[in-house]
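Here's the structure we're looking at; comments come further down.
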Amino acid sequence: MISLHRSCFLNNSCISGSSSLFSYKLNKLPPASVKATALGPNSDRNASVLIENNNAFKEITQDCTSSAADVDINLTVSGGDREVYYDDAATEDQLVTPWSVSVASGYSLLRDPHHNKGLAFTEKERDAHYLRGLLPPTVISQDLQVKKMMYSIRKYKVPLQKYMAMMDLQETNERLFYKLLIDNVEELLPVVYTPTVGEACQKYGSIFRRPQGLFISLKEKGKIHEVLRNWPQKDIQVIVVTDGERILGLGDLGCQGMGIPIGKLSLYTALGGVCPSACLPVTIDVGTNNEQLLNDEFYIGLRRRRATGLEYAELMDEFMTAVKQNYGEKVLIQFEDFANHNAFDLLAKYGTTHLVFNDDIQGTASVVLAGLVAALKVVGGTLADHRFLFLGAGEAGTGIAELIALEISKQTNMPLEEARKKISLVDSKGLIVKSRIDSLQHFKKPWAHDHEPVKKLVDAVNGTEPTVLIGTSGVGRTFTKEVVEAMAALNDKPIIFSLSNPTSQSECTAEEAYTWSKGRAIFASGSPFDPVEYEGRVFVPGQANNAYIFPGFGLGLIMSGAIRVHDDMLLAASEALAAQVTQENFDKGLIYPPFKNIRQISANIAANVAAKAYELGLATRQPRTKDLVKYAESCMYNPAYRSYR
């Protein structure tokens, strides 16, 4: 019995095909009699393969998704074991079915990124899997492959070239890709994610080669449940979804925002240990208002203005419903780079019915709060002793502000409304004050305090006298020399977080912050900056990168079987991250631990988040494991090669 399915990887053969009923007469294989089952995508059956060829029988068993009828296929001609494509015999005007039959062929194994090992296939594996002649004779280790790849990547001078090299590797040898990223995380994180991913999204149409996620557009309305079933992996635990309207600080990139979910999920695996087959990147394409993209011949998305209102809401609702139907209650849906007007509404609407998380609102807030908690060990005092001023009152700014207020309220038993008074926000129209309340968006209204109107940031600094200045504006070089000097005049050790991404949109550089504050600033940024030397002292700027939080946060939700996200889980993640900062880190000016230890950091965050889920009664995986840190480590994906029979 040969099972035919879209992609069933069998030990000695890979047999794939369309799920419709069919019968073919094959004329180029050795005399044999094969009975085949055509498989559909919907139900499960244990499929076995029995191949009769020259009196040799091989039986292979594989769990595949199945449901269709038995069809006889007669093979009647001579030739070796091989993969045969039947498109070649058709004329140009004939329709063909895109299926293939692979019998004991190693070529398809080398093309399978989930199982390919390249030159690391052993002599025994090359014999067993028909790889002789398809590879050069040398056998090398995975570690040597990593060394070779790093040598190649370092030769590229343009970051986008490095990004493309990494994406090519991910599509050809998945385990080597993650081994490379894990072993060289500090060097490669800026390549696979910010800041390089921003440029990749801008040019995604011209560099797009093969799909790495699902594109769901308005054309699929009414069929999203079926579209999700087209994805080959069925046991999905994490979905990262974007509609591309606010990609980093670059604005509306439409369908080309797919680079963000792909990059985020690469980090879920590399940093948090979530199995790559359990990750699904999704882009919701409702059009774009970016005229440059609409006129770009290489643009890959819908060429129309963005859908809004009911049309948008219905598509999103269908998507959220279909996800729950396909993958269950415990699949984590991470909203990424939605514009403000949709981000808050989606989080509020689905937060009570789905396991949802918005990294721009909640993830950023958690990582910034961790940095502030760590910084207090340097400047002294508690959160309640400090005053905070934000430039930027969108998703990130208001999300961070709310989490700070929640932590202050939790620590002091102060009413939340009172805690909010310690935090002021500046938007494009100036300081948010009560006299503007009628014209403010709903998510800004809690931050409208009694204060005279102020237009300029420097005047807001002098008027509110903050100890902490946080930039989430998405506008570069807005922390001017005048602003930083004002902060330094008010504080012995001003805390300055310049969080906007990519680097070009950062409110100020690390060098500017240290120089203008005369080396007194405690600085962190969203994108990485090189160490800065000032008056004989070397300062290592911290990076308030969401990658510290969301991989471990997601792992904690998965391993506890959580069904909802609670604010206390975000506080638990912040506390766990802040606890990882050592005195050695502080001595270098760091308020975040180095990324080289990120997997251990993620394990501790996951354990804290899981513990909070159990405490809140939101965990479904019972009984609770005693040592959650060790359990988190044991759950993590290991990219080392497996040995094949």
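Including glycine, each Cβ sits where the backbone N, Cα and C put it.
Among the features that TrEMBL reports, domain 'Malic enzyme N-terminal' is placed at 170-351. Summarising the annotation, TrEMBL assigns (S)-malate binding site to Arg246, Asn501, Asn545. According to TrEMBL, the feature active site, proton acceptor maps to Lys264. Annotation comment: TrEMBL describes Glu336, Asp337, Asp360 as divalent metal cation binding site. Here TrEMBL flags 361-614 as domain 'Malic enzyme NAD-binding'.
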Near the residue listed as 'active site, proton acceptor', which residues of its own chain have a C-beta under 8 A away, given they sit six or more steps off in sequence?
Tyr193, Val240, Pro281, Gln334, Glu336, Asp359, Phe550
Quick one: Cα separation, Asp360 (divalent metal cation binding site) versus Arg246 ((S)-malate binding site), in Å?
10
Asp337 (divalent metal cation binding site) to Arg246 ((S)-malate binding site) - Cα separation in whole Å:
5
Greatest CA-CA distance (Å) over the residues Arg246, Asn501, Asn545 that the record ties to (S)-malate?
18
Overall pLDDT for the domain 'Malic enzyme N-terminal' (170-351), taken as the rounded mean:
95
Non-local Cβ contacts of Asn545 ((S)-malate binding site) (under 8 Å, 6 or more apart, same chain)?
Leu189, Thr194, Val367, Gly526, Pro528, Tyr592, Phe595
Compile a sequence-ordered list of residues in the same chain as Asn501 ((S)-malate binding site), six or more apart from it, whose Cβ lies below 8 A from its Cβ; state 'none' when nothing qualifies.
Thr194, Pro195, Gly198, Leu248, Gly249, Gly526, Ser527
List, in sequence order, the residues of the same chain other than Glu336, Asp337, Asp360 whose Cβ lies within 8 Å of the centroid of the Cβ atoms of the recorded divalent metal cation site.
Thr242, Arg246, Ile247, Ile260, Phe335, Phe338, Ala343, Asn358, Asp359, Glu395
Proximal but sequence-remote residues of the same chain as Arg246 ((S)-malate binding site) (Cβ under 8 Å, at least 6 apart):
Asp252, Asp337, Phe338, Ala339, Asn340
